[in-house]
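Colleague: So that we are looking at the same thing, I have put the structure below in structure tokens.
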Amino acid sequence: MGRMLTIRVFKYDPQSAVSKPHFQEYKIEEAPSMTIFIVLNMIRETYDPDLNFDFVCRAGICGSCGMMINGRPSLACRTLTKDFEDGVITLLPLPAFKLIKDLSVDTGNWFNGMSQRVESWIHAQKEHDISKLEERIEPEVAQEVFELDRCIECGCCIAACGTKIMREDFVGAAGLNRVVRFMIDPHDERTDEDYYELIGDDDGVFGCMTLLACHDVCPKNLPLQSKIAYLRRKMVSVN
């Protein structure tokens, strides 16, 4: 028999006039290799079919199951219960995003708005002919672009960001990472001055306080620390 876990889950439906924010406590018997995602499924299947949380892939790829796990933004599907020695686990929705219900938040609209704000697409003067082979680039450059493209938009870096909590319009590490991704892509013809117009202010790269919680919590281990520093140096050199 496994040990008994105490799971405290935040419950609240902002669309309901009678719902009030509160914690609901559940006792779950731990199983080998149990994840928080498995725990939440057990709770929903056994105790609370009304519990809301998001998931798709269950493999750390889609980023849907981001939530606060004992105060740390993490993916439920990649967090093992055995890592919590006292067996007490508190789950809350990610801050900085609109709450849908319980542990479910709207990251989609935020990331869509961020993508539009930083103009997250290739800017080129000539029209691309899709019938021709794509222009070749050096393998090292392609690998660097791919590395930054691994962002799964889970929202963990945004939830961990002190600046984002204080400044609603801050683009966050995800936005700054997206800018660097296009900055190093040789297919994009924008200049440093063009990027400065997008993120050269306190809601962009100069709002970052370099606390680097984003770097610490990123489930894909993206090089956020070095890329934000690179972007800051680039933007400082513009003026």
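Just so it is clear, glycine is given a Cβ too, placed from its N, Cα and C backbone atoms.
Note that the structure is a prediction, hence the values are computed from the model and not measured.
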Colleague: Figure out which of C77, C218 sits with C151, C154, C157 in the [4Fe-4S] cluster site per Swiss-Prot.
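Modeller: Of C77, C218, C218 joins C151, C154, C157 in the [4Fe-4S] cluster site that Swiss-Prot records.
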Colleague: Name the one residue among C57, C62, C65 whose Cα is closest in three-dimensional space to that of C151 ([4Fe-4S] cluster binding site); these are the binding-site residues.
Modeller: C62
Colleague: Beyond the listed site residues C161, C208, C214, identify every same-chain residue whose Cβ lies within 8 Å of the center of their Cβ atoms for the [3Fe-4S] cluster site.
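Modeller: Near the [3Fe-4S] cluster site, beyond C161, C208, C214, sit C157, I158, A160, G162, T163, K164, F170, G172, A173, L176, M209, L211, L212, A213, L224, I228.
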Colleague: When you scan the chain for residues with a C-beta under 8 Å from the domain '4Fe-4S ferredoxin-type' (142-171), skipping those not six or more beyond its ends, what do you find?
Modeller: 60-66, 68, 72-75, 94-97, 105, 107, 110-111, 114, 117-118, 177-178, 180-181, 184-185, 199, 202-204, 207-209, 211, 213-214, 216-220, 222-224, 227
Colleague: Closest to C157 ([4Fe-4S] cluster binding site): which of the binding-site residues C57, C62, C65, C208, C214, going by Cα position?
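Modeller: The answer is C214.
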